[in-house]
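Chemist: Below are the features I grabbed from TrEMBL:
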type: TRANSMEM; residues: 6-23; note: transmembrane segment
type: DOMAIN; residues: 6-380; note: domain 'Cation/H+ exchanger transmembrane'
type: TRANSMEM; residues: 35-54; note: transmembrane segment
type: TRANSMEM; residues: 66-89; note: transmembrane segment
type: TRANSMEM; residues: 101-122; note: transmembrane segment
type: TRANSMEM; residues: 134-154; note: transmembrane segment
type: TRANSMEM; residues: 166-196; note: transmembrane segment
type: TRANSMEM; residues: 216-239; note: transmembrane segment
type: TRANSMEM; residues: 260-282; note: transmembrane segment
type: TRANSMEM; residues: 288-314; note: transmembrane segment
type: TRANSMEM; residues: 326-345; note: transmembrane segment
type: TRANSMEM; residues: 357-380; note: transmembrane segment
type: DOMAIN; residues: 478-562; note: domain 'Sodium/hydrogen exchanger regulatory region'
type: COILED; residues: 502-529; note: coiled coil
type: REGION; residues: 598-687; note: region 'Disordered'
Amino acid sequence: SVSSIVPESCLLIVVGLLVGGLIKGVGEEPPILKSNIFFLFLLPPIILDAGYFLPLRQFTENLGTILIFAVVGTLWNAFFLGGLMYAVCQLSGPSLNHIGLLANLLFGSIISAVDPVAVLAVFEEIHINELLHILVFGESLLNDAVTVVLYHLFEEFANFEQVTILDIILGFLSFFVVSLGGVFVGVIYGVIAAFTSRFTSHIRVIEPLFVFLYSYMAYLSAELFHLSGIMALIASGVVMRPYVEANISHKSHTTIKYFLKMWSSVSETLIFIFLGVSTVAGHHYWNWTFVISTLLFCLIARVLGVLVLTWFINKFRIVKLTPKDQFIIAYGGLRGAIAFSLCYLLDYKHFGMRDMFLTAIITVIFFTVFVQGMTIRPLVDLLAVKKKQETKRSINEEIHTQFLDHLLTGIEDICGHYGHHHWKDKLNRFNKKYVKKCLIAGERSKEPQLIAFYHKMEMKQAIELVESGGIGKIPSAVSTVSIQNINPKTLPEERVLPALSKDKEEEIRKILRNNLQKTRQRLRSYNRHTLVADPYEEAWNQMLLRRQKARQLEQKMNNYLTVPAHKLDSPTMSRARIGSDPLAYEPKADSENLPIITIDPASPQSPESVDLMNEEPKGCGGLPPSPEEDEEGLVMRVKEPSSPGTDDVFTPGTGDSPSNQRMLRCLSDPGPRPEPEEGEPFIPKGQ
């Protein structure tokens, strides 16, 4: 019941304190966690277990965020803490005045890195969601390169009489050498391990040995040249796993899995117990100002670094980090045995204040592991942070995951934006075409990913069935041993495809090459300023604009200036009305030069349907009407025929001033009518 409240790491440190006190109580000297033992024997199993079983998809999708936290965040913590501690030492009086800037920066680089062992011990117990777990744990793994570089850099600078700008530039470049060199060493050993496992089909017993041997050799080779051993271990585990698992037997896979888990668990236990024992056995120098300032500035630097970096990162992330996530990331920055061991490696000759550094580091470790480690579980429950969901992957989920990957890759290709999906697809194609054929033996190299996943699930279900006692449901002819060592079925004969002629085959290839492969060509990203202009587009735009203006003018005239239309009479009523007043439609006596309109009273055609387009009252041209024009009233003139090739809709006439057109529409429009169809002029012809 105690372990549900107090983390395992805290209990192990308490056990170490009790063991150390007991040894000291009987007059013996308690053993101290020596740095060589820690770095050569206790740390590699934990890192190999983390790297070999690293959730690669979540890690690669959040790699940018992890690198920013690991590199920029660790540098910020180291220099912020070292600078402030130097200021504290200068202001504290003679007891701390002798500690220089380089010593404080070295101390800041040791204490600033998040410890992977402590993070694993605490975060695996609270079952936090995958995103937060991979962000904090990935940061603790990758910040090793920064810690190694800064540690060796300031340790070397302490031996120099004067540090020049060239030394600083070389120190900056050494970061890339240490990190990328460690990754390169790990990749080389991972490829060698995968290639070796291709030829172990007749000696299955020693298959797990190659995994441990090559991984440990990668770590030792990197440490030999002062490269990052942790980066080398992670790279070798990530590279070798997919190929090794395809080559080795299922029993070897189970052996590797459980041996790594057991080995890392034992190492973690020994590390925390030795931390407790070393606390009792070590030589300490307590300075209240230095220790309290270290603890306070560690917390402030972590919080400020996470807030500022997350504000910057959220500008580029699709899934934003919420304030709750930021709090857990800042609160999960635990320190552990790596800082203790690095400080224990310091030489008394150059760093006489090593005991005070050790005391401050142990205080910070105890505070982060005990206080933060014990309170993070209730805080996660209080803030309702999303927990990890223990769900088994299914074929359905795998199919949809692959489908979405292909879909996003296609979208990136069409847009001309080559993001991480495009490069991931390129890497998968290269892996399938070349690497798998070299590193995987037999038919497994050609097996699709989905089929391989199905075989893995099938084997897992069979083993679970055996372990749960459900073997009784299987026919008695099949034994437990035969299930685990079942031989693969012979491949069915390939279906005979109808033969195609050479011409037909070449035609199909030409169609595919011309149409489907166009998306693979490098395209410029979409930009409205760089689009190719269509030569006919400008003319079409002008024509559409004129039509739109004409429609708007017609709608306005319909709404505001249109005389309401008369209801059409029946033919009988029209004849009666025209017969009763025939003089109303006769021309005036003075208009001899105008055409005469003769209306048959028996005709059902009303005068409103006469097709004369230029009807205007005298005086509408802006001049006052003369008395003769007043007497003439409304004069009807024949419209001049349009010349061929001109647009009779949009070409203005001689008397088509805006006021004339407005009055013309007012007098000639019989009333509101339905909207004209697309492409039809608003003045119908030939009515």
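Cβ from N, Cα, C; glycine included.
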Chemist: Please average pLDDT over the coiled coil (502-529) for the predicted structure.
Modeler: 62
Chemist: When you check the transmembrane segment (216-239) against the transmembrane segment (35-54), do you get at least 3 Cβ pairs under 8 Å, counting only pairs 6 or more apart in sequence?
Modeler: yes
Chemist: By a Cβ-Cβ criterion of under 8 Å, what residues six or more beyond either terminus of the transmembrane segment (288-314) are in contact with it?
Modeler: 64-65, 68-69, 72-73, 76-77, 80-81, 84-85, 88-89, 92, 95-96, 107, 111-112, 320-321, 325-326, 329-330, 333, 335, 356, 359-360, 363-364, 367
Chemist: Any chance the transmembrane segment (66-89) and the transmembrane segment (6-23) are in contact, meaning at least three CB pairs closer than 8 A with a sequence separation of 6+?
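Modeler: No, these stretches are not in contact.
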Chemist: Do any residues of this chain, six or more beyond the ends of the transmembrane segment (101-122), have a C-beta under 8 angstroms from a C-beta of it, and if so which?
Modeler: 7-9, 43, 46-47, 50, 74, 77-83, 85-86, 89, 136-137, 139-141, 143-144, 146-147, 150-151, 154-155, 157-158, 230, 268, 271-272, 294, 298, 301, 332-339, 342-343, 346, 351, 353, 357, 360-361, 364-365, 368-369, 373, 376
